[in-house]
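Asker: There's a structure below that I have some questions on.
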Amino acid sequence: MTVIGTPLSPVRTRIMLLGSGELGKEVAIEAMRLGAEVVAVDRYAGAPAMQVAHRSHVISMLDADALRRLIAEERPDFVVPEIEAIATDVLEELESDSLTVVPTARAARLTMNREGIRRLAAEELGLRTSPYRFAQTEDEYRRAVEELGMPCVVKPVMSSSGKGQSVVRSADDIADAWTYAQSGGRAGGGRVIVESFVDFDYEITLLTVRHCNGTSFCEPIGHRQEDGDYRQSWQPQPMSAAALEQARHMAQAVTQALGGYGLFGVELFIKGDTVWFSEVSPRPHDTGLVTIASQNLSEFALHVRAVLGLPVPVIRQYGPAASSVILAEGSSARTRFGNLQEALGEPDTSLLLFGKPEVQGRRRMGVALALGETVEQAVEKACRVSDAVKVML
């Protein structure tokens, strides 16, 4: 039986978020709705989840000693990683000493780099993936490109949001793709994955939640990417019954192998009735922001229910819905948003402004959400709303 204590009391149920961006903010809000005490952690002050949490701390989560000390100080009931850049060896060590890591410390370790999860999916579970090679040096990388052929995709094994990712379409791209991958990795360079290009019709995120009563799936989410980062997402993504069955089989296999309770964002490529596994995140997914508008339980509510050992009786999808990203580009610590009256003038629309404290370069600062009669109408409406928001730096 799940028992939730009172925040800021000796009987509190404490959740520590490792990573406090816009996804962590929504997790914090859902956790607080269910009476949990939330401690938000990130590498910079004023991160979105810190703005709503009971307490916050600023540390490098890759600093094993600092992370170990903070967990010992706060004594959380649950540690919930919201990003990949974490000293996962500390989580594995403390999990063996009874700390609850969501979904598991092993899942956090395997998914923090593309090599761990690709080897699990392709080599251990036998899931269909694109042909791939790993390379540590430029010579190994060039051999991998030669073996796989062009076009191929090059990514750092440790990166997110499309950083360091590019497509090699001709021999002229080979050197630049290596250099770009070295600059985009979280560890400052090193190992890359080279993948054959999959000629897919579309790609989806299949949100999969492991909870006390089993495994549940959300309706598939389609999305459009630019420079490796999502710009619009929509739900439901139309797909054949055969493809959906394969997608759910793959999602169940990989999430079962990772174990634990929580929501997973499983990324898949689809061509006709054929499905390829791409990646998985053991946490809410940015493309899943659309579920705030499209479902009775958003991906964040589902994640928190699963973490706390609460049931998920049903996931209701309300019909065509979409999200569209609000981007800022430049340099500022005084970002403001205008023209909101016009942006929110259409029925069945809403905005999330994340509250990120500064912009350096290009940064996702919010998202527009919309419902429509069709997916196409919902996407168009969400884009109109996001385009109407004036970002002032």
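Heads up, the Cβ atoms here are built off N, Cα and C, so glycines get one too.
From a predicted model like this one, the values you see are computed outputs, not experimental measurements.
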Asker: Looking at Swiss-Prot, which one out of ASP139, ASP273, ASP286 binds N(1)-(5-phospho-beta-D-ribosyl)glycinamide in the same site as GLU22, LEU23, GLU82, LYS356, ARG363, ARG364?
Answerer: ASP286
Asker: Roughly how many angstrom lie between the C-alpha atoms of GLU22 (N(1)-(5-phospho-beta-D-ribosyl)glycinamide binding site) and GLU279 (Mg(2+) binding site)?
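Answerer: GLU279 (Mg(2+) binding site) has its Cα 21 Å from the Cα of GLU22 (N(1)-(5-phospho-beta-D-ribosyl)glycinamide binding site).
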Asker: Please report the distance from the Cα of SER160 (ATP binding site) to the Cα of GLU279 (Mg(2+) binding site), rounded to the nearest angstrom.
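Answerer: Just about 11 Å between their Cα atoms.
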Asker: Within a 10 Å radius of its Cβ, which of these binding-site residues (GLU82, GLU279) has the fewest neighbouring Cβ atoms?
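Answerer: Each of the binding-site residues GLU82, GLU279 was scored; lowest Cβ tally within 10 Å is GLU279.
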